[in-house]
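If you check Swiss-Prot, you get these features:
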- G17, P18, T19, A20, S21, G22, K23, T24: ATP binding site (BINDING)
- T19, A20, S21, G22, K23, T24: substrate binding site (BINDING)
- 42-45: region 'Interaction with substrate tRNA' (REGION)
- T108: site 'Interaction with substrate tRNA' (SITE)
- R130: site 'Interaction with substrate tRNA' (SITE)
- 166-170: region 'Interaction with substrate tRNA' (REGION)
- 251-256: region 'Interaction with substrate tRNA' (REGION)
- 284-291: region 'Interaction with substrate tRNA' (REGION)
Amino acid sequence: MSASPQSRPTTIACLLGPTASGKTAAALALAARRPIEIVSIDSALVYRDMDIGTAKPTRDERARVPHHLIDIIDPADAYSAAEFRADALRLIGEIAARGRTPLLAGGTMLYYKALTQGLNDLPTADPAVRAELDADAARDGWPALHARLAQVDPATAARLAPNDSQRIQRALEVFLLSGQPMSVLLAAPRRADDEAAAYRFVPVALEPSDRAVLHARIAQRFDAMLDAGFIDEVERLRRREDLHPDLPSMRCVGYRQAWEFLDGDTDYRTMRDKGIFATRQLCKRQITWLRALPERIVVDCVAPDATARALDTLERVLDDHLPA
């Protein structure tokens, strides 16, 4: 599916939206019409054994249409935006070679931005540096490392909470490996490549005209997860000695709140309320990211015919009936 520098870029439809916006329903509706394969743009779906809390597509749904970048790593491991970009570009080519159509679908805007805008030249993770920072944090606490970060990269430190261990560690790691603040490197021009330039990524954004409707859906979905055994799922993960609350996987919305409940730090009602609140905050951030995409095509995800509208829009994108 790659194009030569002189040819017109190949259009790739990207179905984007916040949690509970109906992405799965729209993608499955398209699969009933066309031979598509779905490439997930979701940083939570990459983890194995995290099915209920991530609202992972069911076995039946995945049997109806091939899904990619789901269940690809263990919860103890990490998966970067750079890895996503490389995997997504590879999959787009492989799907096209099979005579099928790739549909990118999800709500992790960091992944989408890396795919469509390129990458910053940040150093890759270094296990030795991370182990040293972990040891420092165990001795002095993350607020002390946050103070250390403020001395070398005040701009990054200012936007991070003193206990945001994952991001503090990464910012210090970048400085130690590169000698430059992360804020400076992130402000530099992004590195693109010819492979991504062969594609025209068209974002179809599922956005709510009434956010209260989406908030109600989020509460209903979280309650359904609890009824489906979400707490038991987290308990099984907790029993693993290699997992802890500061891992990226266990920081996913819902999992952190369930872990706190199982630790006895909160009661069930508080856990539920905090989980719903955290999901709504994630939704708010996702919508903010979407609205920063001037080229997006908006579909009202709370309209009664939202799935039909999304399907019609996706088909027009794939048929190239939209202006370039």
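Each Cβ is built from the backbone N, Cα and C atoms, and glycine gets one as well.
The two recorded residues, G22 (ATP binding site) and T108 (site 'Interaction with substrate tRNA'), show a Cα separation of 15 Å. When the alpha carbons of T19 (ATP binding site) and T108 (site 'Interaction with substrate tRNA') are compared, the span between them is 10 angstrom. Within 8 A of the CB centroid of the substrate site residues T19, A20, S21, G22, K23, T24, the other residues of that chain are G17, P18, A25, G107, L206, C301. With the fewest other C-beta atoms within 10 Å around its C-beta, G22 stands out among the binding-site residues G17, P18, G22.
Long-range contacts of the region 'Interaction with substrate tRNA' (42-45) within the same chain, counting only residues at least 6 positions beyond its ends with a Cβ under 8 Å from a Cβ of the stretch, are 53-54, 56, 69-71, 79, 84, 106-108, 110-111, 248-249, 252-253. Set side by side, the recorded positions T19, S21, T24, T108 differ in how many other CB atoms lie within 10 angstroms of their CB, and the most is found at S21.
Distance between Cα atoms for T108 (site 'Interaction with substrate tRNA') and P18 (ATP binding site): 9 Å, as a whole number. Of the listed recorded positions, namely A20, K23, R130, the sparsest CB environment within 10 A is found at R130. Following the DSSP three-state reduction, the secondary structure of T19 (ATP binding site) is coil. Listed in chain order, the residues near the ATP site other than G17, P18, T19, A20, S21, G22, K23, T24 are G107, L206, C301, each with its Cβ within 8 Å of the site Cβ centroid.
Ranked by CA distance from R130 (site 'Interaction with substrate tRNA'), the binding-site residues P18, A20, S21, K23, T24 have P18 at the top as the closest.
Within the region 'Interaction with substrate tRNA' (166-170), the DSSP-based counts of helix, strand and coil residues read 5 helix, 0 strand, 0 coil.
Helix, strand and coil content of the region 'Interaction with substrate tRNA' (251-256), in residues and according to DSSP, is 3 helix, 0 strand, 3 coil. Across the region 'Interaction with substrate tRNA' (42-45), mean pLDDT in this model comes to 98.
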